[in-house]
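**Student:** Below is the structure I would like to discuss, written out as structure tokens.
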Amino acid sequence: MSKVQVAPSILSADFARLGEEVAAIAEAGADYIHVDVMDGHFVPNLTIGPAVVKAIRSVTDLPFDVHLMISPIDAYIDAFVDAGADILTVHPEAGAHLHRTVQHIKSAEIKAGVALNPATPASAIEFILDQVDLILVMSVNPGFGGQKFISSQLRKIETVRQMIDQTGRDIRLEVDGGVTPETAPQAISAGADMLVAGSAVFKNGPQAYAANIAALRPKG
Ligand code: DX5
Ligand code: ZN
């Protein structure tokens, strides 16, 4: 397992000052910028599209980890590649042909991830694991920040960790939703090595961001 990395979700940022918020989390020690794209159809919320990703791309050199919660998915891949995504993560339920969608992402020479909703079994990734760079285990139902961590997902993280280790490939295991200083150690001991956190990072103002990020990392 690699060093644990933190990917703040800008869903919890102040959108009126989005560029400054991205700069502040980069300065505070974030490893990635996690961007939650929602379409009001695949998930019951609407957020941002490629134009906003493009607008904040110049603020930092940190990799953009773009989580696409949109369906159908394929028509939008190129727009997010062009906007500057470094990783595009998709849900198996968001398109008819996950393997084709992953190939599409990889043909753009960026990283591809697959996200598992809380009710989606780990077995959904069995025949795509040799193609992907990241598996995202959702520990809330996608759509909103600030929800409670669903503990049953810890067992899925353990299963996915075993599946990843058996491949011998360099695949990140990301957990997303309800990650706090209390739940992060559980996710890490289950095998996660990349933590998404929105509300736990963007709280108490920009002066607190460095401490908020540090509080999620393993101690000692
Ligand atoms: C949920 C998103 C998450 C979410 C995380 O659909 O994918 O990235 O914003 O927010 P918190 O950390 O507040 O649960
Ligand atoms: Zn997300």
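Just so you know, the numbers here start at 1 and follow the chain as drawn.
Glycine residues also receive a Cβ, built from the backbone N, Cα and C atoms like all the rest.
Where the annotation comes from TrEMBL, it is an automatic prediction and has not been curated.
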**Student:** Write down the one residue from ASP170, ASP176 that TrEMBL lists together with HIS34, ASP36, HIS67 as binding divalent metal cation.
**Tutor:** ASP176
**Student:** Any same-chain residues 6+ apart from HIS67 (divalent metal cation binding site) with CB under 8 Å of its CB? Would you list them in sequence order, or say none?
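**Tutor:** HIS34, VAL35, ASP36, VAL37, THR89, GLY113, ALA115, LEU136, ASP176, VAL196 - these are the non-local Cβ neighbours of HIS67 (divalent metal cation binding site), listed in sequence order.
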**Student:** With an 8 Å cut-off on Cβ-Cβ distance and a minimum sequence separation of at least 6, pull the same-chain contacts of SER199 (substrate binding site), or say none.
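**Tutor:** Spatial neighbours, sequence-distant, of SER199 (substrate binding site): SER12, GLY145, GLY146.
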**Student:** Let me know the DSSP-derived helix, strand or coil state of ASP36 (divalent metal cation binding site), please.
**Tutor:** strand
**Student:** Please list residues from the chain of SER9 (substrate binding site) whose Cβ is under 8 angstroms from its Cβ, counting only those at least six apart in sequence.
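**Tutor:** Same-chain residues close to SER9 (substrate binding site) (Cβ under 8 Å, separated by 6 or more) are HIS34, VAL35, ASP36, GLY145, ASP176, VAL196, ALA197, GLY198, VAL201.
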